[in-house]
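Peer 1: Following this message is one structure expressed as structure tokens.
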């Protein structure tokens, strides 16, 4: 939910945002508004696929400090010189309310509110159960782990938790 093509609701209809002048300052506002942490990138050129229907916003000009997109300077809603090949995207660091750290030397835990919960892990598509892509079980589904800031210390926690040395 913290990365993808940006769509906004106006007049009870969803539409896209054009990538003209789209940059990290604009993405920072979106990530803040979605409670998705920091903006990592602001891809344009329909990086996440072309939308359909209306293009609601064009020539966005946020400073990066605004509370939401409606506070940014832009062309009037619905006025644009774009096509869906120019749809803007956002990649945020993730939900800022979920903090993960070792809760003891053998397990990785995430804090939700004041509760530390062990994370269910697995390695997939590797040569053994102790090698492969890291997946975590959260929200009743399996998902992958982004490699941003991933290092040997993180891998050591995963290996210990799985009993893989």
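Using N, Cα and C of the backbone, Cβ positions are placed for all residues, glycine too.
All annotation found in TrEMBL is predicted automatically rather than curated by experts.
Okay, so TrEMBL annotates it like this:
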- 18-82: disulfide bond (DISULFID)
- 31-92: disulfide bond (DISULFID)
- 62-72: disulfide bond (DISULFID)
- 1-93: domain 'SRCR' (DOMAIN)
- 121-165: domain 'SRCR' (DOMAIN)
Peer 1: Could you tell me the C-alpha distance between residue 31 (disulfide bond) and residue 62 (disulfide bond) in angstrom, no decimals?
Peer 2: 13
Peer 1: Between residue 92 (disulfide bond) and residue 62 (disulfide bond), how far is it from one CA atom to the other, in Å?
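Peer 2: So the Cα of residue 62 (disulfide bond) lies 16 Å away from that of residue 92 (disulfide bond).
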Peer 1: If you average the pLDDT over the domain 'SRCR' (1-93), what number do you get?
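Peer 2: PLDDT averaged over the stretch: 89.
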Peer 1: Pop the Cα-Cα gap between residue 72 (disulfide bond) and residue 82 (disulfide bond) into the table, whole Å please.
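Peer 2: Each residue's Cα considered, residue 82 (disulfide bond) and residue 72 (disulfide bond) end up 19 Å apart.
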Peer 1: I'd like the number of other C-beta atoms within 10 A of the C-beta of residue 82 (disulfide bond), please.
Peer 2: 17
